[in-house]
Amino acid sequence: MSEFPPDLGADLNTRSIPIIRATEPTPRGQVIVLTGPMGAGKSTIAAELAQRLGWQLIDTDELIVTSHGEIPEIFVERGEDYFRNLEAATINRALDGAANAVISLGGGAVLAEDTRKRIGQLDTVFLSVNEDIALERIGGGANRPVLAGNPQENWRRIFQQRLPLYRQTSTLEIDTSDKDVAAVTEEIIQHFQLA
Ligand SMILES: Nc1ncnc2c1ncn2[C@@H]1O[C@H](COP(=O)(O)OP(=O)(O)OP(=O)(O)O)[C@@H](O)[C@H]1O
Ligand SMILES: O=C(O)C1=C[C@@H](O)[C@@H](O)[C@H](O)C1
Ligand SMILES: [Mg+2]
């Protein structure tokens with residue numbers, strides 16, 4: 001007489017055992033990641049896109065602020081390396097839990113190799129912007145410690161350094177300089193056939 005539950009261990013080598021799952025794994029849904037320099041509009045476009053799709057909005061800079069306080073204070077009190085580790089860990093956790101989500105990253109998130117590896121396998125959009133428009137949008141660079149001292153020169157240098165990283169981790173690049181928020185959002189929706 002066959003026993004129930006079957007003794008799988010006893011029969012392991014003699015017959016093939018079907019894999020039985022109580023439930024099928026839940027589909028994780030889709031994730032769109034926005035990357036790019038300060039002033040490209042990542043946070044703004046992510047909010048608009050999430051609203052249009054009815055998806056979850058995750059802004060990793062905001063997650064850091066909520067849990068650890070203002071970014072300039074973290075830079076002053078703990079230094080940039082500490083912030084980058086915090087940022088990479090925050091992004092990892094956000095990606096682990098994300099399903100049907102739009103994720104806006106900080107401008108320097110691509111500096112972390114782990115982050116590059118992960119977002120390079122996802123639908124990642126590089127939002128680009130030219131220097132003049134970026135500086136117009138972010139004003140004097142308040143609240144952005146990496147621009148302190150000379151926002152224009154720093155923005156330009158940082159953008160040049162990171163440009164290859166933005167490009168190697170994305171599958172779509174949109175120059176937002178002369179496009180409004182609705183137009184950029186629509187371009188992403190069309191490209192990934194989200195609606
Ligand atoms: N396409 C756009 N057209 C005009 N203004 C925009 C556009 N996108 C964003 N902005 C404005 O530019 C400013 C900066 O945008 P936002 O904060 O979204 O940039 P960000 O890429 O998230 O920057 P950071 O890396 O510093 O977080 C905001 O005031 C926003 O309203
Ligand atoms: O480009 C950067 O290095 C940064 C951009 C912002 O989004 C913040 O993550 C922080 O101010 C650092
Ligand atoms: Mg932002």
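A Cβ is built for glycine as well, from the same backbone N, Cα and C atoms used for every other residue.
Taken from TrEMBL, the feature ATP binding site applies to GLY39, ALA40, GLY41, LYS42, SER43, THR44, ARG144. Non-local contacts of GLY41 (ATP binding site) by the CB criterion (under 8 A, 6+ apart in sequence, same chain) comprise LEU127, VAL129, ARG137, THR176, VAL181, VAL184.
Per TrEMBL, the feature Mg(2+) binding site maps to SER43. Taking the Cβ of SER43 (ATP binding site) as centre and 10 Å as the limit, one finds 17 other Cβ atoms among all the protein chains shown.
The substrate binding site annotation in TrEMBL covers ASP61, ARG84, GLY107, ARG162. ARG84 (substrate binding site) carries a helical DSSP state (H, G or I). Cβ-based neighbour count (10 Å, all protein chains) for ARG84 (substrate binding site) stands at 16.
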| task | Express in Å, rounded to the nearest integer, the largest CA to CA distance found among the ATP-binding residues GLY39, ALA40, GLY41, LYS42, SER43, THR44, ARG144 named in the record. | result | 16
| request: With an 8 Å cut-off on Cβ-Cβ distance and a minimum sequence separation of at least 6, pull the same-chain contacts of LYS42 (ATP binding site), or say none. | output: LEU34, THR35, GLY36, SER104, LEU105, GLY107, LEU127
| remark: What remains of the binding-site residues GLY41, SER43, ARG162 after requiring a CB under 6 angstroms from ligand 1 is GLY41, SER43
| query | So which binding-site residues out of GLY39, LYS42, THR44, ASP61, ARG162 are up against ligand 2, CB under 6 A? | reply | ASP61
